[in-house]
Amino acid sequence: MPLPRKTLILIAKWLIAILVAIGLTWAASKAVDQWQEQKQIVQTAIAELDQSIEAESDPPRRRDLQQRRDALAASLPSLENLRWIRILLAAVLYAIGIVLPGFVLQQALRSLGDNPRLSTSVAAQLIGHAGKYVPGKAMVIVLRAGALSRDKVSPVRATVAVFMETLLMMAVGATVACFVICWLDVPTWMIGSATGVAVAASVPTIPPIITRIAARFAKTDTSQINSETTSGHLATKYFLFGWVFSLASWILIGASFTALVTAIPFVPDLDANVSAVDPPTLLMLYTVSTAAIALAMVVGFGSLLPGGAGVRELVLTTILATAVGVAHALLAAIAARLMFIVVEAICAAIAWYWLRRQSR
C-alpha cells in the first residue's frame, strides 16, 4: 500500500533538512580545520624564530629576528586576538546584504506575472542560502521554490525567477570585480573569468530576453497574462531595479568583508620583512576586498561545489593578497567562510520559523 501524500512530503522535508544540516556541518568543520592549520603554521614559525634568536650572536640581526617574532606572536590567530566588535559589524552588514536580493527575486516573479509578498520572497531568498552547502546547488532552487509555493507561485516560475535573480547577482558581482582587478597584479585567467561571467550572466537578464521569457511563462496560466508582462514594461523595470539592488548588496557584502579583514590581527607573510610592510588605506582595502569577495562568490557558485569549497578561497586569497599579503588573505578567506555559514544559517532559521508561523 503506497504511503499517503502527506507522509511522503514530510519524509522529503526531513531528508532535505538532513542534507542541509550535513552540508553546513561539513563546510563549517572544514573551515575550522583550515583555521587551526594556519594557526599551527604561525606557531611553528614562532618556535623556529625562538631557536634562531637563541643561536644568533650578532645584536642587529638578533633584534631583527626578535621584531619578526613579536610581530608573528601578536598576529597569532586566536579568539583572544580577534576584534569581535568588527566581526559583529561584519555579520550585520552581510545579513543586510543577503536580504536585498529577496527584493530582486520578488521583482523577477512580477516580471513573470506573479505577485508574491515581499516577506515571502525575502524568506525564500534567505532559506535558499542553506542549500548552497549541498553538492550541485539544486537544493537552493528546491528550498526557494518550496517557500514561494506558499504564495501560489508554481515550481516552474519559481525556478526561472531564482535563475534570473542569481544571474543578475552574478553579472553585477563579476562586473564590479572586473573593474577593480584589471588594475591589480592577478592572473590573467581571473580577469578573463570576471569578464566572461559578467557578459554571460548579463545577456539573459536584458529586457528583450526577459520579455520573451515572461511572455512564454505567462501563457502557462492565462489569468496571469496582462499588457505589462507581454509589453516588456516589467522586464525593463526588473533589469534596472535588479542592478540597483544587486549593486547595493555587493557594496554591503564588500563592506562586511572589509570589516572582517580588519578584525583579524595583521599576519605578515613568513618570508617578508615585517618593518617593510605598509598597510593599505581603508579605501584601497575596501575596493580590493569588495572585488575579491564578489568574484570569489560568483566563481564559487558557478563551481557547483558545496559552498564553492576551495574555489572561493583560491580566488579570494589571490586578489586580497595584493593588498594585505598571502598569509592574512588566507586567514580572512577562512574567517569569511565561517562567518558566512553562521549568518546564513541564522537567517535561514529565522526565515523557516517565519514561514511556519505564516502557514498556521
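All positions are counted from 1 along the displayed chain.
The backbone N, Cα and C atoms fix where each Cβ goes, glycine too.
Predicted automatically and left uncurated, TrEMBL annotations should be read as such.
The following features are taken from TrEMBL:
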TRANSMEM  84-105  transmembrane segment
TRANSMEM  160-183  transmembrane segment
TRANSMEM  189-210  transmembrane segment
TRANSMEM  238-263  transmembrane segment
TRANSMEM  283-302  transmembrane segment
TRANSMEM  314-332  transmembrane segment
TRANSMEM  338-355  transmembrane segment
Which of 238-263, 283-302, 338-355 shares the most C-beta pairs under 8 angstroms with the transmembrane segment (160-183)?
283-302
Top partner of the transmembrane segment (338-355) among 84-105, 189-210, 238-263, 314-332 - counted as Cβ pairs under 8 Å:
84-105
If you count Cβ pairs under 8 Å, which stretch among 189-210, 238-263, 283-302, 314-332 touches the transmembrane segment (84-105) the most?
238-263
What stretch in 189-210, 238-263, 314-332 has the biggest tally of Cβ pairs under 8 Å against the transmembrane segment (283-302)?
238-263
Do any residues of this chain, six or more beyond the ends of the transmembrane segment (189-210), have a C-beta under 8 angstroms from a C-beta of it, and if so which?
111, 163-164, 167-168, 170-171, 174-175, 177-178, 181-182, 232, 235-236, 238-239, 242, 295, 298-299, 302, 315, 318-319
